[in-house]
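Enquirer: Here it is, the structure in full.
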Amino acid sequence: MLKPLCVVIGTTGAGKSDLAVQLAKRFGSQVINADSMQIYRGFDTITNKITVEEQENVHHRLMSFLNFDKEYSVPEFERDASRVIDEIHSQGKIPIVVGGTHYYLQSLLFEDTTLSAIDKLTNDSSPSKPPHPDSHILDDDPSAMLSYLKKIDPVMAEQWHPRDTRKIRRSLEIYFHTGRPPSEIYSEQKMKSSGSKLRYKSLIFWAFADSLVLMPRLDKRVDKMLSHGLVDEIKSMKSLAESEKFSPDFTRGIWQCIGFKEFMPWFEAPSDIVFNDCLERMKVSTRQYAKSQKKWIQSRFLPMCLAQQDLSPSSILFSTTNTTDLNNWEEQVEKACRVFQYFFYNGDAIAPSADDQHAFEKARDYLSIMNGRQSQKKKFVCEECLDKRGDPFTVIGEDAFNVHIKSRKHKTTVRRKKERAERQIRLKNIGILK
């Protein structure tokens, strides 16, 4: 019989931490952090940790324990979270896991997921094994890493955007650890994980807010962070990096947190104009992160949950918590508590709400195409358009490319190029241009 586990997911700023606290208070439990930035000791403001006051005397685990110069893998989280969950179960309580690092949660909930299995594969390499002779490429620039990946695994290279440094490096790490093309390993693990099993009897709450409300809310939160010592923390992080005499990698460890890299231009050219520009960049990055989290939930996490629900309805339940209107917060908390009570103690489930049904419908669409065409993983380059850096515009997936081709931006670019070419021909015809 599966032991119970409650999980609260959601985008940044949607109120998932507050919901987890209220559930823990109501049912006398503890909260386990599943945010990859909040595991680090210190830097409470830039990583948006819940304050001591906001915790309301609820014990929070796996938070603020890792030193800034360390990294924390998926298998390490899986191991530590499982240990804490067992400990809470031994006290007769139902653990509540909360966080926005969804690959942590996916690995914890489901056995043999692709991400978890591949991380274990690379972590299990013998310490005495000599490094790969080409592993120095991991410290090179993204274009060099991508060129190397194209040589050893062109299939994998086609799936990553040229500027997705983290994924390109990860693919190379897999190759250097295993000696095999990462696409081959991903394919094998995907076949194995297609039948992934639940580890726990799982109740999953998705705290969400309408984008028109969430985005301004996120902007205000960044402004609030500014008044709570954000700049001092960024200065402290920069000083730590300088004291250790290394250049921070913005794609790894604590250095990934939103705000650090965005404010680097201000240190190089301090002025009010540059500061305000950096602040705006941080707000944009925060909004983009929220969008990517929502996409992950809708297209990956929720479909996996629904697939399991189809197999075993009594083992997993997905429920939404709408935080758009904070005037209805107490009502939403009460709804979540009723769902918790019915699912874990009454052995039943409350009928899905309208928000639940809407989420399920979108997830069903994603579920039907989850293992769809390879063209959705292929890289497409537009020969007409340039991105913000002046590089050829690149997207992943045929559908995304078709959307771009039909966009006003693409059509305008093509029209202007055509008009310029026609103008040059006319000028040549009248002898102005040779």
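For all residues, glycine too, the Cβ spot is worked out from N, Cα and C.
So Swiss-Prot says this about it:
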BINDING   Gly10, Thr11, Thr12, Gly13, Ala14, Gly15, Lys16, Ser17  ATP binding site
BINDING   Thr12, Gly13, Ala14, Gly15, Lys16, Ser17  substrate binding site
REGION    35-38  region 'Interaction with substrate tRNA'
REGION    166-170  region 'Interaction with substrate tRNA'
REGION    211-233  region 'Interaction with isopentenylpyrophosphate transferase'
REGION    281-299  region 'Interaction with substrate tRNA'
REGION    291-298  region 'Interaction with substrate tRNA'
SITE      Thr101  site 'Interaction with substrate tRNA'
SITE      Gln189  site 'Interaction with substrate tRNA'
ZN_FING   380-416  zinc finger
Enquirer: Have the region 'Interaction with isopentenylpyrophosphate transferase' (211-233) and the region 'Interaction with substrate tRNA' (281-299) got at least three CB pairs under 8 Å, pairs 6 or more apart in sequence?
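Expert: In contact, yes.
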Enquirer: At the level of the C-alpha atoms, what whole-angstrom distance separates Thr101 (site 'Interaction with substrate tRNA') and Gly10 (ATP binding site)?
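Expert: Taking the Cα atoms only, Thr101 (site 'Interaction with substrate tRNA') lies 10 Å from Gly10 (ATP binding site).
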Enquirer: Using a Cβ cut-off under 8 Å and a sequence separation of 6 or more, which residues in the same chain sit near Thr11 (ATP binding site)?
Expert: Gly100, Phe208, Ala209, Leu214, Tyr289, Ala290, Lys291, Gln293, Lys294, Ile297
Enquirer: Around the substrate site (Thr12, Gly13, Ala14, Gly15, Lys16, Ser17), what further same-chain residues have their C-beta within 8 angstroms of the site's C-beta centre?
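Expert: So the extra residues in range turn out to be Gly10, Thr11, Asp18, Gly100, Ala207, Thr323.
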Enquirer: Per DSSP, Gly10 (ATP binding site) is which: helix, strand or coil?
Expert: strand
Enquirer: Per residue, counting other C-beta atoms within 10 angstroms of the C-beta, which of the recorded positions Thr12, Ser17, Thr101 reaches the highest number?
Expert: Ser17
Enquirer: Have a look around Gly10 (ATP binding site) and count the other CB atoms within 10 A of its CB, chains all included.
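Expert: Excluding its own Cβ, the number within 10 Å is 28.
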Enquirer: Using the Cβ center of Gly10, Thr11, Thr12, Gly13, Ala14, Gly15, Lys16, Ser17 as the ATP site position, which other residues in that chain lie within 8 Å, going by their Cβ?
Expert: Gly100, Ala207, Phe208, Ala209, Thr323
Enquirer: Other than its own, how many Cβ atoms are within 10 Å of the Cβ belonging to Lys16 (ATP binding site)?
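Expert: I get 26 for this one.
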